[in-house]
Structures are given as structure tokens and as C-alpha cells.
Amino acid sequence: MFKRKNREKQYKYSLRKIRGRGGVASCIIGAVVFGSFLVHPVVLADTDVDVVADHSASEKALKDEENLPSEGTVALNHVEAGDVSEVRETVEEVEKKDESSTNSTSIVRSSNREAHVGVVERQDLTPDETEEAEGLNENTAKLTSKKDEESATLVRNKRALNEPVEEDNTGKVISEGYNEAEVIRTSRPEDYPILPTTRDYNPDTYYIFKEVVSKTSGLDIFAAVKIGDESKTIYLFNQYGQLIKSLAPNESLTQYNAKITNYGDTYTINQTSSKSSLYYGYSSDGEKSVVAKNQPFNAITGVVPEKSKVTVEYVDQEGKPLLPKITEDALAGEIRNISSAPAIEGYVLTDDSGYQKGEVSVYTEEKVGRQWTRHFGVGLTGNRVDAVYTLLDQHGTFLVQMYTNGRLFAKSTIAPGESFTKTIYSGTAADTCAFPSPYIPDSGGLIYHYTKVGKIIPVTEEGEPIPDAPTPSYRTDPNDPENVIPNQETPDIPGYEKTTEYVTPEDPTIDTPVVYTRIQNGVLTVEYVERTTNQLLDSTGDSIQGRYGEVINYSTAEKILYYTNRGYKLVEDGFTQEGKTFGDDNNKHVYKVILEHGLQEYTPENPGTPDTPINPEDPDGPKVPGDAARENLAKDASQT
């Protein structure tokens, strides 16, 4: 409600002689015509006021402080159809309205008539009556408090359309425990050799790629490379973990009835004795499952493992990266494990290209057409044997060409898992060479393919998108990257009512239209009008608002009682919509409640008591003037 400031008021009485019907009576100033004395409060129009020019000091200070005019009147007229004296009481008061309280009221002021700035517009009421009227307005405001609350909610919702409720995580990983550093993990094959670590060998430093068993010397030779070293130096260990020798490319070692040579890309272990006694042991490539372990050879060859890169990519439906590409180094023959795809906000996992688990291989698609030359050396027959391996396709097919002393001796095409052998004879000597396929499929990189999630699309009943309406994307399920969270709430849109509260899409990549119906609000105005002056009693009407179809919960009874207690009487209650519903038939209509001042007649038989309220129900209202006392009425009668 409005807050009142301190104010002072002055009263000014003016008496004038009025000629009425039934003859002429002479009367001095202050006299009352014999017969009857009538009291009739009347609200004056803005142009029919008496203004007191001299203001009190306190009122002037208030006016200076607020820089507002402090003019206003309350009038009390005493009129009769016959010869009467009219007494007009003019009240001047200063009242300042509190804007914040004005904004909080639910009664919408519908009158276009503007009052003087800073002047209370209820010009027919005293300050105390005005305060009581405001209390009545406060009660009336409660009738539409529900509508105001709904309106405030709509305002908050509309503001929320432009204010992010929470951080936008679109394109970010939302899976709990996701760690980029742990996406790619490498491990050793299940049959990887285990050597003692009490001497030189350390599995964290060296990676074993070949085992050759020399039965003549009772020695197992393990060939390894140093992890992270790209020099292709070969480190030779015995079965006790002792380092025998390190061989840089083009270096060799002859020891234990064997000659070991590092050719850079390939290596060779030759038996130097007259009897073949070399056996295949562990291999990090495909040879370990091809060659018989119980067949002796006088020469065993192989390929020095190279460092390969394992990559993981996360891309959208257009192939654009969603997350940084992850790359880790691994050696051929190692097992690489890639963690499952994480949930990425705003996207769902729809496909993948590659394998989560697999071996790392030198023989990738990029290596098709490359050649590796293996040198078997000079065998027991005195012939030098070489073999050229050519990778023919990405499926691991090799062309093997065997040369003796530089001349093509034999050739064969081998698929993964296949091998062939050739024996060269010279007299009683024989050299048997094995040509196994070294191919292991490269598990390579892995690409996770994501597709952007769909949205909730608010549409009208005609299926047209609602302009400027929010279109929230589905929320990705942090525990299931292939799906979205079920039962996602549809947005609130000011002025619309949604037909669906929650959405669970069948296809998380497809938009879901949600139908909204426009909310129709009705408004009607109730005005309280004084019939004589045709002025609004409270300067404005009550604006009642509600949605179409809602019951109109407004009654004029309380205000009518308020005004009748102050000397008014009801002429007509034009408000006929109580209990009905808002709709086209009453939207924007104005309903008038007509009242007029009642007449209070004082006679010698029915005198008044001066300085008491004219209306007993309005103790702070206009007072009975002294002329209405019995003695004054009797005196006037005697003077005639």
C-alpha cells in the first residue's frame, strides 16, 4: 500500500445564500434557513476546487523537499431543493505516494485521467478515509494475487530465456572418471618372455621381439630394442637376463657357435657349426604362430620392430574433431587397449572405426608396396641366400622372392599365417630356409563417430515453430554415450501452455516437436462512479485479469459497503460477471457501479450533534456542523 508522509491540513468554510423554491428568506451569514438542514457530501471535479494559498511551514518544507505541488481538496456540500444554506468544507492536504508500493498492488489503474502530481486523487475522502480505502484496495488486490504471481512467473521465465541457468557443456566430456592420459594403454602379449631382472634386463627399459634357441650351446638368445630408442640398436640377452651384446645397425657378433648381424631393418642369426641347431622361440610378430618350434634351422631371420603410433579420434557426423586427437607410441607386437567412448554433452555415439583392443603392427596400410630384405648369409652349401618380402596389400599378403648368390631361385605368395620352406643341396650338404609370414593385423587407430543430439522444438497448434522460443538440446546420458537422459522437461514459454511436460526421444538425433497452445488472458474493468459529478470515486477502476475459462473471483459487495458507510447509496451495480468465466464476451469490457450521496436532514425534531460524524460508520469522516444543533434550528425558526 501507499506509505503516508507527515502532512498538515487546513479547513476553510464558505457560506453563501441560495435562493430556493417557496419564497425568499433573508438570512445573515452563518444563519440556516428555517425548515430543514441537509448535509450532502459531493466530490468536486478538478476544476471546481477551493485552494488555500497559505500553507503551513511543515507542509512547505515537505513540498520543497519533494519538489512536488501539494494541492488537493475534499468538499462537503449541504444542499436542498428548497431555500438552504450550502456549507462547503475545503480540505487541503499533502500526500506522497510510494512508487514501490504502487508497483506491488494487483489493481491495475485503468483511468486515463491524471491528477495533480503528488495529490491524492480520492478528493471526496478525508486522509483517514483515504487510508481506509487503500486498505480496501489491498483486500481487493488479494483477489488477483494469483494472477500476479502467474504473471511474475512468466516474467521470470522470459528473463530466463536470455540467461543461462547453468554452464553450457556442449562438446565436453561428461563421463565420470574420464582421463585423457589413460585412454590408450599398452601391454605385453600373453606369451611374452619373462626374464630375471636381477642383472641387466629391465622390462620397463627393453622390449623383447625375438627368441632363438641354440641347442648346441644350451643358450637362449633374446633380441630386444630399447623402449623409446629409434636407433634400431639390438640388445642381446641370455636366459638369465644378462646383456650379451648391443649391436648397432650393420654390426655383428660371433659367439656361442652363432653369428648375429644387425642389418638395420632386419637381423640374422646364423649357426656357425656344421650342424643345424637353431630353433624358433618367441616372436613379437606373426612368425610365432607359423613356424614349427621343433624344426632346426641353420639361419633364422626377422624384422626389427619399429615404433608405431596409436591414435584415438572423436569426430562428429561431418568428421570434425570434438576432442583433441590422442596419440601414443607403441612397438610392433604390443597389445594396445583403448578405453570405451566417453559421453560427450550434446552428442551421442553412433559408430566407430577400428578396434578397442588389438596388436600393434609394422604392416599398416601405409606400408603397402614396401620391401624388406632378409639376409640368410652363406650356409653349409656355400651359397648366399637372400629373400625379399614385398607387402602386396593391406590384408597382409606378401610376395616372397628367394635369391641364391643374387639370382632368383624361387618365389611364392603367402597370406597371413602361411609359410613355405626351401632346401638347397650341394653334395651331401643342405641348407633349409623357412619363409614365414610376419604379418599381424594392425589394430591401428580408433575413430569414435558421434552425431549431434536433437532438440525440443516448441510449435504452435498449426505445427509452426514459435518465434524466439527456446529449443533446448537433449541432455546426453553421462553413463551411456549412445543415449540421452529420458524424461527431459520441456521449456516454459511466456504466453503459452505446453501440452507435454517431458520428452524421451526414440531417436536421440532427431528433433521432437512439442505443441504449445497460446494462453488467452482476459481483462475487465470495474469502475465506481459518483452519479452527480460522473467522476470515479477512487480515480481509477479495478482491472480484473485472468485466463480464458477461469472463474472471475471478484465481487463489488465490499466496496459498495465501504461507500454506503460513508454516506453514499447504491444506484446501480452494473457488474454482472461475478462467478462467470473470462472470455470474449467480457474481455476488455468496463462495468460501472453507480453511487450517489445520500441526504442527511436535520430538523428541530431530528437535530444533529455538532462535531460528530455525519455517518456513524465513518467516524473520521465529515462532522455535523454547529448549525444543525437543536438550539440553532429552533432559533432560526423563531427568527422567521
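Using the three backbone atoms N, Cα and C, a Cβ is placed for every residue, glycine included.
Features as listed in TrEMBL:
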type	residues	note
TRANSMEM	21-39	transmembrane segment
REGION	93-169	region 'Disordered'
COMPBIAS	101-110	compositional bias 'Low complexity'
COMPBIAS	111-125	compositional bias 'Basic and acidic residues'
COMPBIAS	126-135	compositional bias 'Acidic residues'
REGION	461-509	region 'Disordered'
DOMAIN	525-597	domain 'Mucin binding'
REGION	600-640	region 'Disordered'
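Under DSSP, the residues of the domain 'Mucin binding' (525-597) split into helix, strand and coil as follows: 8 helix, 30 strand, 35 coil. For the domain 'Mucin binding' (525-597), the predicted model reports an average pLDDT of 90. In the region 'Disordered' (461-509), the DSSP tally of helix, strand and coil residues is 0 helix, 16 strand, 33 coil.
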